[in-house]
Each structure stands twice: as structure tokens, then as C-alpha cells.
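Report on the following structure.
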2 protein chains.
Amino acid sequence: MLKSEDHFLEIVNSLFPREHPHMVVGRGDDCAVLKCPASLCMSSDLFLEDVHFRTRYFTPEDIGHKALAVNLSDLAAGGARPLGFNLNLIWPVYLDEEFCRSMLSSMAELGAKFKLALTGGDLSFGKSLGLAVCIWGKSPARQMLRGKAEPGDVLFVVGKAGLAACGLSLLEENDPGLDRYPECVAQHLRPRPLVREGQVLAGIEEVKGLMDVSDGLARDLPRFCRRGTGVEICSDFRVHPEVAFFCRDRGLDPLATALKGGEDYALLGACTRKGWDTVKKKILDCRRLGTVTDKPGIFLQDRELGLKGFDHFEK
Amino acid sequence: MLKSEDHFLEIVNSLFPREHPHMVVGRGDDCAVLKCPASLCMSSDLFLEDVHFRTRYFTPEDIGHKALAVNLSDLAAGGARPLGFNLNLIWPVYLDEEFCRSMLSSMAELGAKFKLALTGGDLSFGKSLGLAVCIWGKSPARQMLRGKAEPGDVLFVVGKAGLAACGLSLLEENDPGLDRYPECVAQHLRPRPLVREGQVLAGIEEVKGLMDVSDGLARDLPRFCRRGTGVEICSDFRVHPEVAFFCRDRGLDPLATALKGGEDYALLGACTRKGWDTVKKKILDCRRLGTVTDKPGIFLQDRELGLKGFDHFEK
């Protein structure tokens with residue numbers, strides 16, 4: 001069991017560096033003093049037990065990783081370079097020190113990959129486990145915003161779409177065939193934040209905007225596109241083989257499943273037609289999703305896909 | 001009831017300004033882009049139902065106020081000028097829109113007082129109400145740290161000590177004589193963050209350090225003083241009349257009660273003997289607490305006060 005806040009701080013200090021080029025005054029005082037770029041990106045996300053994860057199938061390491069990964073993904077969508085984060089931790093008394101150490105180790109490991117400073121936070125006991133991360137970093141010279149794509153522009157996806165939602169279904173149902181879906185499960189438990197990809201894309205002039213697909217493409221496409229525009233999905237857009245397999249098994253439409261599934265932390269971007277070659281060349285895991293049109297709605301070969309979430313497309 | 005995240009965002013946008021000199025890209029994108037000072041102070045604090053507050057005696061307005069006030073207090077202790085904050089909100093389904101609007105109105109009112117930007121956040125449903133705020137602002141030219149006071153220096157307190165703890169006892173016990181303790185109750189429900197005072201103190205050269213007394217002086221004094229030093233409490237240090245009255249009523253020691261009580265969000269500071277006159281002149285609600293000595297422990301007229309929390313004073 002965690003004996004006290006001091007005991008918790010000992011664990012934190014054994015795992016996270018106490019010095020960092022951007023941390024002038026570190027943890028342990030009332031507030032951290034940070035050396036900051038003039039243009040800062042900041043974002044925060046909650047990660048709560050029985051809302052965003054279950055301890056039944058998330059290991060402590062998965063929890064520590066994902067709580068930070070979902071925040072890194074927001075900065076990735078801004079094309080930002082992450083520098084540090086604050087962690088507010090709600091800790092239920094029944095969890096032991098080992099759990100805490102494993103969870104924070106994994107968070108520290110992901111943080112170290114991006115050379116992040118842990119710049120402060122708070123600890124409180126509570127009924128169930130919860131993590132509230134606030135992350136900050138250096139904004140790119142050109143801001144990556146939504147609503148900038150024009151009809152004719154290419155829409156693309158970096159990373160996977162629809163895998164995490166299949167993974168979630170399989171884990172929730174405790175499916176005995178779980179090991180047939182290693183990528184779906186991994187995508188739900190340990191999404192890889194596309195930080196490097198976001199930074200590279202922000203550096204390509206023809207890229208017009210970027211966003212983090214957390215609620216699924218069906219919900220996030222209308223948030224990304226301007227009012228009065230729509231999307232024509234590429235006729236050759238292929239869903240991931242595991243998603244296809246999952247859908248065949250259950251009689252589901254693979255495309256709709258891929259578009260509706262959330263929490264992949266993939267990046268959705270738009271670029272000019274000319275820019276698409278550069279994007280493809282510079283980003284490995286990138287696929288063309290469709291084209292922006294001047295017809296509100298989402299279409300596949302002239303057929304409107306009546307996907308939930310598209311009520312944001314105002315005509 | 002709150003119908004959706006969009007519904008919540010409507011309320012937020014009706015209460016908090018969408019434009020701010022330090023907010024280049026505001027709420028609604030993946031991350032905010034902020035115009036920042038080169039030296040930034042940042043802090044975050046949780047404010048959770050049944051841990052930090054109860055809805056039985058906290059109005060929605062009290063909750064909104066205090067969740068932000070405790071964070072402002074951390075920046076006050078750094079002598080910083082607050083500029084903006086992120087709000088992560090855990091929302092239980094049984095609370096209605098009216099509650100949400102009242103809570104956020106009061107938070108917006110306190111934010112407006114300090115011209116703060118609400119720069120983003122997250123909303124999630126959860127079992128009980130919780131607020132995780134991450135606040136940031138401009139660091140003063142001289143950092144206000146702990147552990148800098150020397151034997152002979154004056155220790156002082158800005159604001160009230162011990163009132164909030166008495167207020168908490170009275171509220172928890174549903175004391176019928178509650179109206180005899182208006183200041184204790186107000187100090188627990190609506191602490192006033194001493195932001196201006198912190199900034200003024202950071203500008204006085206003779207002030208050696210500052211901290212936010214959130215866990216009570218008995219716990220926070222050892223955190224503030226260097227190892228190997230101690231405190232001689234002024235023989236004329238007087239507790240607040242309401243604390244004295246509360247203690248007489250219950251046969252408690254007033255000084256011990258005032259020193260042990262937490263959550264006042266008073267400021268504890270140290271200055272040179274010479275500087276004390278300046279501090280007194282510039283800060284209205286400021287009292288001398290004692291003198292730093294080279295004898296570890298906390299003393300009143302040569303008698304060591306055996307107060308819990310002093311195990312940090314290592315000899």
C-alpha cells in the first residue's frame with residue numbers, strides 16, 4: 001500500500017528525472033518554473049477507470065502508457081514538439097505500491113522516449129483510479145488547424161482506423177479468440193502516439209490541417225471539414241485485415257466499422273492534390289482516405305453513407 | 001441533464017471568453033496554442049467530491065470558486081501572474097445543467113477577476129464530481145522558493161491560519177451554531193487566493209521565500225524551512241477570535257489548532273529582519289509568526305510544541 005504522499009513522491013522521483021532543460025524549478029515546490037517557447041501548445045485529457053479503461057484487462061503498464069499517449073496524441077495533432085506534463089492522480093486505497101510503480105514506470109518510459117519533463121501534479125485518494133494529464137510543448141511555426149481543407153483537397157489518415165474499437169469489443173466480451181487480433185488489442189491497450197509524424201506533417205507546406213481521431217472518423221470528419229463541404233471516400237480505401245476479419249465473423253460492414261470506431265489516436269489530415277506525393281513519401285503509415293467535396297455528407301461512389309455522427313454537417 | 005459534450009461546450013463558451021491576448025488558438029481544436037512568457041509557472045490540483053468537498057454544504061458556486069482558487073493559490077505562492085488554465089471535469093450523470101451552469105459561472109467570475117483564459121480541458125462522465133485544474137502564468141523575475149530562510153529571519157503569514165479547519169469541523173458536524181463562525185465557514189467554502197499579495201512579495205528584495213499553506217502550518221513549516229533549522233513562534237502571536245472561540249467551546253488549544261489546521265491557502269513567507277517593516281507596510285493582512293532558529297523543531301518560549309507533522313525536521 002502507498003503509505004503517504006511522501007512515499008508516492010519517492011517512487012515518482014526514482015522514475016522521472018529531476019532535472020530537465022525546460023524545468024528551472026521542478027517538482028516539490030508550489031509550482032514549477034518552466035523555460036518555455038514563446039508559442040506553446042497545451043492540452044489535457046482524463047483517463048478514468050471504468051470510463052476509459054478497466055483494470056480487468058489493462059495492466060498497470062498499459063494504464064500508465066495510455067494515459068500519457070492520449071495526451072501526446074493531442075500534441076501530435078498540433079504538430080507540436082512535446083516538452084513536459086503534469087500528472088494529477090486519483091488513487092484508490094486498495095491498489096498497492098507495486099501497481100503504482102509499474103504504472104508510473106511505463107509512463108516514465110514513454111515520457112523518456114520523447115524526453116519529457118514531469119513538471120508537477122497532485123495526488124488524491126479516490127473511489128477509483130483516475131489520471132488527469134496536462135501536457136505542453138513547442139508549437140510548430142505553422143499551426144495545424146481544422147476547417148482549412150478546400151474541395152479537391154486530399155484527406156489522409158496516418159495510423160490505424162477502427163482497430164481499437166474492435167479491440168475494445170473483444171476485450172469487453174472476453175472473446176476466447178482474442179489472440180487472433182493482436183493488432184486490434186494492442187491498438188486499444190497501447191496506442192502509439194504519432195508525435196514524429198505530426199511534426200513532419202506540420203513542416204510540409206501543402207498540408208492544410210491535422211487532427212487527432214479520438215472519436216472515430218465518422219464523428220471527427222465533420223469536425224475537421226468546413227461547413228458546406230463533404231467527403232468522397234476513395235473506392236480503393238481498404239480496412240485493416242483484422243478489422244475485415246472481425247466484421248466477417250460478425251456480419252458487420254467493414255468500412256462503416258472502420259469509420260465509426262474510436263480511440264485509435266490516428267491522425268486525420270488534409271493536403272493539396274500536389275502535396276499528396278510529398279506526404280506519402282515522408283510518412284510511412286499513411287493512406288489516402290478520400291477527397292474533400294462541396295457536397296455535405298460522406299459518400300462512397302455517390303452513395304451517401306448514413307453514418308451516425310454526421311449531423312454536424314450542416315447543409 | 002447535460003445532453004452531450006456539445007451541450008457542455010455551449011455552456012462553457014457562453015461563460016468564458018473565446019478570445020484572450022495569450023490564446024492564439026483557443027478551445028475546440030486538439031490543443032490550444034498560447035503566447036507565453038519565457039519563464040512560465042505551472043501547477044495543478046485536484047478537487048474531488050467527498051475528498052475535498054461535499055455537495056451537502058458546498059453550493060455549485062462554492063465548488064466552481066474553490067476548484068480554481070486552490071490552483072490560483074499555488075501561483076500566488078510562486079509570486080506569479082496567472083494567465084490561463086485548463087479544466088478537466090469528471091461529471092456524474094445525476095447532476096443537472098443548472099448545477100453545471102452555476103458552478104462554471106462562479107469559476108468564470110473568479111477567472112475574470114484575474115483576466116484568465118480558459119485554454120482547454122476535457123469532459124468525462126464519472127461516479128462522482130471531480131475537477132482537475134492545471135493553471136499557468138508568468139513567473140516573477142525572482143523565484144519564490146522554499147528552503148532559503150536563515151536563522152534570524154522573520155517568518156510571516158499572509159491571510160488566515162486555522163479558520164478553514166474549524167469551518168470544516170463545523171460543517172461536517174452540521175453544527176447548529178454555524179452562524180457564529182462566518183469567517184471560518186467562508187474560509188473553508190470560498191478561500192480568497194492571495195494572488196496580488198504573492199506578486200507584491202515577490203517584488204520585495206528582502207523576501208526570501210514564499211509558500212502556500214495548504215496542509216496547515218505544522219506540516220508546511222518544516223517543508224518551508226531548511227533542514228537543521230527550526231522556528232520560535234512569537235509570544236504575541238494571536239489566533240483569530242473565531243478560532244479562539246471555537247477552541248474555548250471544545251476545550252482545545254487555540255495555538256495548536258491554528259497551527260495544525262489546513263486548507264486556509266494562506267501564504268507563509270520569510271524575510272530578513274530589516275525587510276519585515278517593508279512587508280508589513282505593503283501587505284495589509286500580514287502577521288509575524290516567528291523567527292527562524294538554528295534549533296530544529298517548533299518552539300514557543302523555549303517549550304517545544306509537539307505537533308504532528310514535524311517529523312520532517314531531521315536533526
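Every residue gets a Cβ built from N, Cα and C, even glycine.
Copied over from TrEMBL:
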BINDING   A:D30, A:S43, A:D74  Mg(2+) 4 binding site
BINDING   A:D30, A:D74, A:D212  Mg(2+) 3 binding site
BINDING   A:S44, A:D45, A:D122  Mg(2+) 1 binding site
BINDING   A:D45, A:D74  Mg(2+) 2 binding site
BINDING   A:H52, A:E263, A:F310  substrate binding site
BINDING   A:G121, A:D122, A:R146, A:S214  ATP binding site
BINDING   A:D215  Mg(2+) 5 binding site
DOMAIN    A:28-129  domain 'PurM-like N-terminal'
DOMAIN    A:150-301  domain 'PurM-like C-terminal'
Here the binding-site residues A:S43, A:S44, A:D215, A:E263 meeting chain B with a Cβ under 8 Å reduce to A:S43, A:S44
Can you check which residues sit near A:D212 (Mg(2+) 3 binding site), meaning Cβ under 8 Å from its Cβ, same chain, 6 or more apart in sequence, and list them in order? A:S73, A:D74, A:A76, A:A77, A:Y265, A:A266, A:L267, A:L268
Return the count of C-beta atoms lying within 10 angstroms of the C-beta of A:D74 (Mg(2+) 4 binding site), excluding that atom itself. 30
CA pair A:G121 (ATP binding site) / A:E263 (substrate binding site), Å rounded to integer, equals 25
For a three-state summary based on DSSP, what are the helix, strand and coil counts in the domain 'PurM-like N-terminal' (A:28-129)? 35 helix, 37 strand, 30 coil
Neighbour count, 10 Å Cβ-Cβ cut-off, for A:E263 (substrate binding site): what number do you get? 21
Mind checking which of A:D45, A:D122 has the fewest other CB atoms within 10 A of its CB? They're the binding-site residues. A:D122
By CA distance, which of the binding-site residues (A:D30, A:S44, A:D122, A:R146) lies nearest to A:E263 (substrate binding site)? A:S44
A:D212 (Mg(2+) 3 binding site): secondary structure state under DSSP, collapsed to three categories: strand
May I ask which of the binding-site residues A:D45, A:D122, A:D215 is closest to A:D30 (Mg(2+) 4 binding site) if we compare their C-alpha atoms? A:D122
Within 10 Å of each Cβ, count the other Cβ atoms and name the one among the binding-site residues A:S43, A:S44, A:S214 with the highest count. A:S43
Among A:S43, A:H52, A:R146, A:S214, which are recorded as binding-site residues, the nearest neighbour of A:D122 (Mg(2+) 1 binding site) by Cα: A:S43
Between A:D215 (Mg(2+) 5 binding site) and A:H52 (substrate binding site), the C-alpha gap once rounded to whole angstrom: 12
Of these binding-site residues, A:D30, A:D215, which scores lowest on Cβ atoms within 10 Å? A:D215
Check the domain 'PurM-like N-terminal' (A:28-129) for me and report the mean pLDDT. 94
What is the interatomic distance between the Cα atoms of A:D45 (Mg(2+) 1 binding site) and A:S214 (ATP binding site), given in whole Å? 11
